[in-house]
Amino acid sequence: MAVYLLAVAILFCIQGWPLGTVQGQVMPFMEVYRHSVCQPRETLVSILEEYPGEISHIFRPSCVTALRCGGCCTDESLECTATGKRSVGREIMRLSPHKGTSEKEVMQFTEHTDCECRPRSASGVNSRKHKRNPEEGEPRAKFPFV
């Protein structure tokens, strides 16, 4: 066993430790970039947020995994947006406290299949930066002699 551990230690010294195994190891740029681009990625989705009308039930688990668009775009005026979607089923347990029952069932969730960086909608970042109180009205030019 000691010989095996020594061989593994020598191998790691020659080839380097696998990524993420040693605290402080730096992830190479291309790997960082590949993980950060706009793409479908596994996301936890709350069942009650997807089905807000089901508040009288308890779900187990309370959230499920689904692929949703996420990641960075090359410009702040763009956002990662779904360009393709599909419906997927997830088996969950529905508990009805008022009836004292529980049953397994399949619920449908939207999953993103394709993503693309597209211009932000009117409610995006740019409009948030310049949002005004409706009572303020339109901005007016101020002149020193008025």
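Note that Cβ sites are derived from N, Cα and C of the backbone, with glycine treated the same way.
As written in Swiss-Prot, here are the features:
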- 133-146: compositional bias 'Basic and acidic residues' (COMPBIAS)
- C38-C80: disulfide bond (DISULFID)
- C69-C115: disulfide bond (DISULFID)
- C73-C117: disulfide bond (DISULFID)
- Q25: pyrrolidone carboxylic acid (MOD_RES)
- 118-146: region 'Disordered' (REGION)
- 1-24: signal peptide (SIGNAL)
Relative to the Cβ of C38 (disulfide bond), which residues of the same chain, six or more apart in sequence, are found under 8 Å away?
C69, G70, G71, C72, C73, C80, C115, E116, C117
Where does C69 (disulfide bond) sit by DSSP, helix, strand or coil?
strand
Give the number of CB atoms, excluding that of C80 (disulfide bond) itself, located within 10 Å of its CB.
20
At a 10 Å cut-off from the C-beta of C69 (disulfide bond), count the other C-beta atoms across all protein chains.
22
Least buried by Cβ count (within 10 Å) of the disulfide-bonded residues C115, C117:
C117
Across every protein chain in view, the count of C-beta atoms other than its own within 10 A of the C-beta of C73 (disulfide bond) is 19
Could you say whether, by DSSP, C38 (disulfide bond) belongs to a helix, a strand or a coil region?
coil
Collapsed DSSP category at C115 (disulfide bond)
strand
